[in-house]
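S.K.: Take this structure, written in structure tokens, and hold onto it; I'll ask about it next.
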Amino acid sequence: MYTKKTASEFSPRVDIVPFLLFGGGLVLITVAASLGSIAILAAVAAVVFFSVTAQLIHRLAERKAEISFFLIIPTIMSATQNVYLTTVADAMDSGRLQFAIILNFLFSVALYLVLISAKKPAPEGKALRKLIKAVTTCLAILVLYGAATVVLFQHDLAAAAASSRNIVAPFLFLLIGLHASAWAKHAVYLRYLVMLGFVAIVFGFIEANTPDFWQTLNLRDLWEKKGISVQQDSGLPKNFFASEQVVPGEFLRRMAGPFADPVNFGTFLFAVFMAAWYLRGLLCQIATVAAMVLAVSKGALLGLIVFLAFWTRFYASRTSHIIALLLLAAGAYNFYLFTVSSSTGSTAAHIDGFTAAFVEFPHHPLGRGLGSSGVLAGLFSEGSESTSAVTESGLGMVIGQLGIVGLAVYLVFFVQLSKHVLRIKDLRDRTLAAGLLGGFLLNAAFNEVALSPNSAAPYFIILGLVIGSDLAAQQESDAVPAVPRREAFPL
């Protein structure tokens, strides 16, 4: 049996040098975005990324290096994107804006390249090496087949690039987490995530309760340059309002936080909740659930249902688990009936978008090609959504665009990932990983945004860190794995 440190032994202090370096770099990127040239923006971003990755390389060479802060940077960029881009929206054209939007993904690619080229402090175990090889193979197949469909089907290149970014995100961030597990403790990463979550929730309460907050910051201009219309009366995007009507004709204004939209915010909140649960932060759990309700995030609420199902499975008796499942199913069904009866059709659109992928599959077994279907592709190509009913579903979008190849790769990926999650020895680690994976899968089935780097990054980095840590610990242990004991007070 192996032992591990508890989360409470880790300090929540910020890694100050990379924090200041990245913070200053983000300010420079924002200024460069307003200067009128995509070349200037690209050059400044390259210098900032080089500086941060150089600091990372220096850190990796240290004895007992800890690199968790570098792993949270893509999520910090996602969380603050609406704020820093809005401040310069009037000075940007759509080209510079689209480039600025993908900077977090480009940094993630740079992060991955640094991690795979760095010498690890200890040799990787056979099981970890095998998993990394399998995930890398899946990623390579998706990239190569996706590129082939671009040549074959000739869809809009911008739509294809945007779709491919979402399709590969889970694989990329899992690999980042697996490689980084040699230097990063997942409990430290979770503390950074909770701190970021606290800031985002406070900001969310401010923006949701301050009249004309986003109008003053000129959010309309930012979204229109993204190619997304806003409401004429409120000046806000449509998804800033819930589709459900508590009072007929009145739609609730959703808390969006600093994220690009409330859907990203809700997905992020569930990851923060899981981190707070793992770290035993009760007040943060309560604040996060309250923010989920105010964000009217059905994806986050689905995640909570999945977490409670796993929690009762791992920590309660079989009878309690069955009773909990029945209660959760009844609650979910009644919530579904409420959304169907009071919604303007949003819930049906998400469900129909997922099922449409399987209805269309026999007619397009090889897929329609990258950039052919889905909401994101439709922003770049007017024809993307006109010939396909696959909308609003992340997994549906993968099947619709890449057909049998996309379906097979995603199926193999998530089956293998599920096996590793359920084999995690530490009970709290296993519950954390199972809750995140199950919550993501349900959300991705009915929401295309779940696959975006803005949403997927914390989920799969945590999964990579936890699985990598577990495989390393099991390699060090010569004893036969024992059945983990139930915790007396897991909450």
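The backbone N, Cα and C atoms fix where each Cβ goes, glycine too.
As listed in TrEMBL for this protein:
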TRANSMEM  20-53  transmembrane segment
TRANSMEM  65-85  transmembrane segment
TRANSMEM  97-118  transmembrane segment
TRANSMEM  130-151  transmembrane segment
TRANSMEM  188-206  transmembrane segment
TRANSMEM  277-310  transmembrane segment
TRANSMEM  322-339  transmembrane segment
TRANSMEM  398-418  transmembrane segment
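Quick one: how deep are these features, and who are their neighbours?
M.R.: Non-local neighbours of the transmembrane segment (20-53) in the same chain are 70, 73, 76-77, 80, 84-85, 87-88, 91-92, 95-97, 99-100, 103, 106-107, 110-111, 114; each lies 6+ residues outside the stretch with a CB under 8 Å from one of its CB atoms.
Counting same-chain residues at least six beyond the ends of the transmembrane segment (65-85), those with a Cβ under 8 angstroms from any Cβ of the stretch are 14-15, 18-19, 22, 26, 29-30, 33, 52, 56, 59, 92, 97, 100-101, 103-105, 107-108, 111, 121, 176-177, 180, 183-185, 188-189, 192-193, 196, 199-200, 203, 217, 219, 222, 256-260, 264, 268, 453-454, 457-458, 461, 465.
Remote same-chain residues near the transmembrane segment (130-151) are listed as 124, 157, 160, 164, 167-168, 171-172, 174-175, 178-179, 366-367, 369-371, 401-402, 405-406, 409, 412-413, 416, 420, 467, 471 (criterion: CB distance under 8 Å, separation of at least six residues from the stretch ends).
With a threshold of 8 Å between CB atoms, the same-chain residues lying at least 6 positions outside the transmembrane segment (398-418) that come near it are 131, 134-135, 138, 141-142, 145-146, 149, 163, 167, 170-171, 174, 356-358, 360-361, 364-374, 377, 388, 390, 437, 441, 451, 463, 467.
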S.K.: Give the nonlocal contacts of the transmembrane segment (277-310) in its own chain as ranges (CB under 8 Å, at least six residues past its ends).
M.R.: 7-8, 187, 190-191, 194, 197-198, 201, 204-205, 208, 242, 244, 252, 254-257, 262-263, 265-267, 269-270, 324-325, 328, 331-332, 335, 339, 347, 428, 431-432, 434-435, 438-440, 442-443, 446-447, 450, 491
S.K.: Using a Cβ cut-off of under 8 Å, list the residues of the same chain at least 6 residues beyond the transmembrane segment (188-206) that approach it.
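M.R.: Here the qualifying positions are 7, 10, 12, 14, 66, 68-69, 71-72, 75-76, 79, 83, 213, 255-259, 265, 268-269, 271-272, 275-276, 278-279, 281, 284, 287-288, 291, 294-295, 458, 461-462, 465.
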S.K.: Looking only at residues six or more beyond either end of the transmembrane segment (97-118), which have a C-beta under 8 A from one in the stretch?
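M.R.: Residues packing against the transmembrane segment (97-118) from afar: 29, 33, 38, 41-42, 45, 49, 52-53, 56-57, 60, 70-71, 73-75, 77-78, 81, 85, 89, 158, 165, 169, 172-173, 175-176, 179-180, 222, 225-226, 453-454, 457.
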